[in-house]
């Protein structure tokens with residue numbers, strides 16, 4: 001109990017909450033400057049997301065891949081790595097799931113769907129491990145290699161879909177086998193055909209896995225140790241290089257899962273992409289809002305998903321351009337990154353509290 | 001007694017941090033032209049007090065007066081304005097910049113929109129001549145020695161017009177030669193009318209250079225004494241609050257069989273130079289072998305090679321006759337080597353881990369701390385609790401981050417962890433660096449206790465006194481080679497000093 005209490009009084013909770021409030025306020029100011037009514041706009045946003053079951057289901061659909069890419073970034077960050085390649089790992093995960101989902105025939109659903117999901121995770125992981133391997137053996141900075149791998153991932157995905165699975169006359173793949181689908185049809189029907197799928201559950205489990213792995217297992221101990229201090233880890237007998245590759249693999253597997261869910265649960269096919277989807281980059285923002293904590297990431301994804309999905313409602317019923325939401329998100333990230341500003345704003349409150357304690 | 005107005009006077013300064021009172025109504029006077037030493041153990045509150053003077057912390061209570069006038073120092077800029085300069089323990093220099101650029105950083109002389117480097121270089125040259133601070137204004141920081149870097153730090157404060165200089169543990173990083181140079185510089189500064197506050201826990205330095213000593217213990221002033229009216233013994237007792245023996249008590253060694261042997265070990269650096277040059281030595285069970293030498297003669301490389309952190313290019317290292325050359329650090333640890341590393345922040349601890357996690361940094365994967373891949377936090381905490389109590393590691397809790405412990409307690413934690421592994425060979429590299437008298441005594445006793453239990457101990461230290469007091473046998477390392485062997489009771493620091501400087505011929509001939 002004590003531990004739970006501590007968790008909520010810690011900086012790591014107050015800081016993002018304040019940042020979110022400040023971000024929303026800044027968005028409101030921008031709206032007022034533009035001549036819109038912020039209260040109306042925000043209530044339209046909330047109304048849109050939580051107003052009816054269809055939109056609620058679709059908002060969840062929006063949040064799920066963000067949880068995965070957010071976890072991906074946070075996991076690598078805990079091991080001291082900057083995995084900016086969630087984007088590429090996400091696309092490779094999509095493609096691997098598509099290929100397994102399309103080209104394996106005659107499997108029962110309880111084998112086919114998990115297999116497709118695992119393929120997405122493994123190939124997403126390998127894609128990231130490539131960057132980890134280059135860092136471990138050749139000292140290549142993972143930021144650079146990840147950015148390059150993002151582009152390679154985009155065009156490789158398109159090439160594979162174009163070559164092996166193209167729906168003739170279209171710019172998308174053929175549909176996946178029904179046995180590979182992870183959509184929850186009964187829930188979907190109940191929610192007005194919102195595209196809800198099992199991936200959301202797996203995403204939540206992934207957050208739990210992240211927590212247990214990182215803080216409860218021997219391997220997590222090594223990863224965190226390497227993340228904080230490579231020299232001391234080496235001295236303590238840990239294999240630093242292996243840990244770098246491992247951290248990247250697991251991180252990439254999270255992102256790859258996100259991609260797999262999108263194909264298997266939402267669309268049922270994969271488009272030939274003109275540009276990368278951006279989910280991987282949004283995951284960085286989600287991880288920052290969540291302070292690289294797995295449960296923080298889930299909350300961050302809920303916020304991010306709510307804002308993005310709700311922005312459509314905002315423009316629809318309050319006539320506010322949806323881009324305002326991007327300003328809000330940007331501001332939140334800014335305030336989280338610029339912790340000093342938040343602390344400075346909080347200073348009078350803290351001072352008061354301290355005085356009370358002293359006297 | 002000096003009746004003039006003090007240049008700096010602190011009156012009843014109190015500074016609290018959550019949970020502790022770092023400074024408890026401290027009063028302190030610094031007069032013009034004196035060196036006033038502030039003596040205290042690690043964590044006694046010396047640095048906090050000086051950070052208050054330098055404006056980095058605001059005291060909750062108390063007044064600071066400069067030249068008799070009460071002042072509010074709300075930041076380093078204000079302190080500099082008042083003529084207070086601080087030479088930090090960890091230098092605050094921009095490595096790829098030149099000496100000149102570092103000194104003028106933040107108060108650059110301008111010529112239009114451009115920086116007037118010519119004037120800057122000229123000013124610095126003048127200053128360095130006036131105070132005898134030898135620097136090369138155009139050298140880059142990463143190319144110059146630690147001693148010169150410190151002179152740059154001193155010049156920085158002088159360039160900004162400081163009259164009151166605070167030296168925070170200035171000798172911690174210096175070699176004996178550099179220390180005596182620094183002493184001369186300080187005397188020169190005093191002659192030129194500056195006043196100095198010297199933060200230290202080294203009694204020798206105080207006796208050598210200070211005029212007045214103020215002793216702080218647990219945030220309180222214990223006493224202020226004239227140097228001429230006191231003795232190192234009295235100072236040490238006041239500092240730690242109990243009797244301290246300078247002599248290390250130990251029974252004669254009873255060496256057994258050879259535990260570790262290095263034969264003709266060669267290790268090359270990136271440029272292909274042999275940093276270990278056919279180095280051979282033996283450590284026996286039940287003895288402490290001290291390695292004396294000037295910093296940079298292969299000590300770090302020797303330890304790295306022995307503990308598996310550096311590749312050995314030739315020769316052999318054996319433990320109980322079995323080769324351990326180029327094994328992984330983990331294999332070497334498992335075969336019975338424990339290692340108190342030279343740099344406790346870099347190698348010894350993961351500072352962002354809790355004390356508890358640090359206690360199992362090398363054993364976390366073993367039973368009972370790890371079961372089927374899951375860490376057993378109860379077992380880990382139990383062990384941490386036991387070690388913290390057994391070795392008197394002062395920490396608010398075993399879940400406190402290692403970062404927030406004082407240096408001495410960090411070192412105790414490492415020593416606890418290493419000794420608890422029950423090694424056959426204990427490698428101690430600079431185990432007392434930066435520690436205060438009380439902690440040094442503790443560490444040295446632990447090393448001797450290990451020896452008395454029949455362990456082999458390899459001690460590497462740049463402190464000659466330590467080598468002479470603790471070791472049972474001394475070898476001297478010079479340019480990656482062992483150049484001589486002596487017994488501590490048959491030698492003195494002059495002879496060792498000569499050997500460390502490379503003049504080995506006579507000694508080597510008589511002994512080997």
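Glycine residues also receive a Cβ, built from the backbone N, Cα and C atoms like all the rest.
Listed features, source TrEMBL:
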type     : residues  : note
TRANSMEM : A:12-33   : transmembrane segment
TRANSMEM : A:63-81   : transmembrane segment
TRANSMEM : A:88-107  : transmembrane segment
TRANSMEM : A:113-134 : transmembrane segment
TRANSMEM : A:146-165 : transmembrane segment
TRANSMEM : A:196-215 : transmembrane segment
TRANSMEM : A:244-266 : transmembrane segment
TRANSMEM : A:324-346 : transmembrane segment
Touch test for the transmembrane segment (A:324-346) and the transmembrane segment (A:88-107), at least 3 Cβ pairs under 8 Å: no
Highest-contact recorded stretch vs the transmembrane segment (A:88-107), from A:63-81, A:113-134, A:146-165, A:196-215, CB pairs under 8 Å: A:113-134
In contact by Cβ distance (the transmembrane segment (A:196-215), the transmembrane segment (A:63-81); 3 or more pairs under 8 Å): yes
For the transmembrane segment (A:196-215), distant same-chain residues with Cβ under 8 A (at least six beyond the ends): 57, 60-61, 63-65, 67-68, 71, 74-75, 78, 113, 117, 182-184, 187-188, 223-224, 250, 254, 257-258, 260-261, 264-266, 294-295, 297-298
Chain residues in Cβ proximity to the transmembrane segment (A:146-165) (below 8 Å; excluding those fewer than six residues from its ends, i.e. six or more beyond): 82-85, 87-89, 91-92, 94-95, 98-99, 102-103, 127-128, 130-131, 172-174, 270, 272-273, 275-276, 280
